[in-house]
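K.L.:
Can you keep this structure in mind? I'll have questions shortly.
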Amino acid sequence: CNSKGTPCTNADECCGGKCAYNVWNCIGGGCSKTCGY
């Protein structure tokens with residue numbers, strides 16, 4: 001599984017079971033989902 005901070009599309013990719021938008025990834029206009037947030 002992927003560690004916290006790793007880009008993801010689904011929660012089941014992540015060790016912590018969370019895949020969500022992180023506000024810091026939205027700076028510059030392009031939001032991306034990462035594991036663990």
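In case you wondered, yes, glycine gets a Cβ from its N, Cα and C as well.
Pasting the feature list from Swiss-Prot:
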DISULFID  C1-C15  disulfide bond
DISULFID  C8-C19  disulfide bond
DISULFID  C14-C35  disulfide bond
DISULFID  C26-C31  disulfide bond
K.L.:
Measuring CA to CA, name the entry from the disulfide-bonded residues C14, C19, C31 that ends up nearest C1 (disulfide bond).
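P.N.:
Sorting the disulfide-bonded residues by distance from C1 (disulfide bond), the top entry is C14.
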K.L.:
Would you mind listing, in sequence order, the residues at least six apart from C8 (disulfide bond) in the same chain with a Cβ closer than 8 Å to its Cβ?
P.N.:
N2, C14, C19, K33, T34, C35
K.L.:
Can you tell me how far the Cα of C31 (disulfide bond) sits from the Cα of C15 (disulfide bond), in Å?
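P.N.:
Computed Cα spacing between C31 (disulfide bond) and C15 (disulfide bond) is 21 Å.
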K.L.:
Determine, from DSSP, whether C26 (disulfide bond) sits in helix, strand or coil.
P.N.:
helix
K.L.:
In whole Å, how far is C26 (disulfide bond) from C15 (disulfide bond) when you measure between their Cα atoms?
P.N.:
23
K.L.:
DSSP three-state call for C8 (disulfide bond): helix, strand or coil?
P.N.:
coil
